[in-house]
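*Asks:* This is the structure I want to talk about, given as structure tokens.
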């Protein structure tokens, strides 16, 4: 069985793996997970994933059930208060988390698959294939995503989460495809790719085993960005009342709060929890994206580490200590 150029670079004469190369790849892979931003972002995201899985079962009330406790502030019975019709806000938040994450991750996966297939194929194959796939990407770049989703949701009576996620994916893959095409154009001329061609490897084997592993971080960053866009689009659709308002998500909570003038009535507990959840989830995904950027760009890590060292040295240099000592002597002399 033929070995790839990358494998040949880390194997010895007998074809055994080089332990040093294996350890280097392991350290490089773990560096992303050890970053402070990535760890914090993954921790917050994991919390929301757990809530999305168990939320409907741990919700203290049915989010649709009305009661006589109208517009009550947070209390022991209702931790996040109640709505104008006596519905429990905490239960609505817990049940609605699943829909938000389902749309975000389904749209992210679909858009990432499309961008990888089209972008990498266009960059590596070149010629007529590149021109046709680039034309397709340019067409989808000018299609406005949110207005198209609004039109489809208006004409489809039961536009579920999967349909909305599919439409978001179809209108958001083109940017990622352009980035991956540019990266692939650079990688296709690398020495290890030329070596793989010289050994007779097939085109698709080179793409899967030589090109894609070097695009992992870029693909991950594009996936996270698409998830953020999809989540905000889903919440926006629910907030403006285009999506099905009978399906609970954070945008639906904000829709009913705005429709019943919660802000004018001073019912801050009706809309603040949903807003905080949106902000926290967006912050977690942004932190993960920042961590990936630092992992991809060593200059960002170097500049961050250098600035941190400079801040640690400020106030502890000999010049600073000498100046402080002279200031103390002057004050003692003056007194």
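Using the three backbone atoms N, Cα and C, a Cβ is placed for every residue, glycine included.
Remember, TrEMBL labels are computer predictions, not curated facts.
In case it helps, TrEMBL gives these features for our protein:
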DOMAIN    101-289  domain 'ABC transmembrane type-1'
REGION    1-26  region 'Disordered'
TRANSMEM  38-59  transmembrane segment
TRANSMEM  100-125  transmembrane segment
TRANSMEM  132-156  transmembrane segment
TRANSMEM  162-180  transmembrane segment
TRANSMEM  215-240  transmembrane segment
TRANSMEM  268-292  transmembrane segment
*Asks:* Going along the chain, which residues at least six beyond the ends of the transmembrane segment (215-240) come within the CB cut-off of under 8 Å?
*Replies:* 32, 99-101, 103-109, 111-112, 115-116, 120, 145-146, 149-150, 153, 161, 164-165, 168-169, 172-173, 175-176, 179-180, 183-184, 187, 249-252, 254-255, 258, 278, 281-282, 285-286, 288-289, 292-293, 295-296
*Asks:* Any residues 6+ beyond the ends of the transmembrane segment (38-59) with a Cβ under 8 Å from its own?
*Replies:* 32, 88, 90-91, 94-95, 97-98, 100-102, 277, 280-281, 283-288, 290-292, 295
*Asks:* By Cβ distance under 8 Å, which residues at least 6 away from the ends of the transmembrane segment (268-292) in the same chain are close to it?
*Replies:* 32, 35, 37-38, 40-45, 48, 71, 73-74, 80-81, 83, 89-90, 93, 96-97, 100, 217, 220-221, 224-225, 227-228, 231-232, 235, 250-251, 253-254, 256-258, 260, 262
*Asks:* Using a Cβ-Cβ cut-off of under 8 Å, list the residues of the same chain that are 6+ residues beyond the ends of the transmembrane segment (100-125) and lie near it.
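*Replies:* Counting only partners 6 or more residues beyond its ends, the transmembrane segment (100-125) has Cβ contacts under 8 Å with 48-49, 52, 133-134, 136-137, 161-162, 164-166, 168-170, 172-185, 187-188, 203, 206-207, 211-212, 215, 219, 222-224, 226-231, 233-235, 249-251, 281.
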*Asks:* If we skip the immediate neighbours and take only residues 6+ beyond the ends of the transmembrane segment (162-180), which ones have a Cβ under 8 Å from one of its Cβ atoms?
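*Replies:* For the transmembrane segment (162-180), the nonlocal Cβ contacts are 102-104, 106-112, 114-116, 118-120, 122-123, 133, 137-138, 140-141, 143-145, 148-149, 152-153, 156, 215, 218-219, 222, 225-226, 229-230, 233-234, 237, 243.
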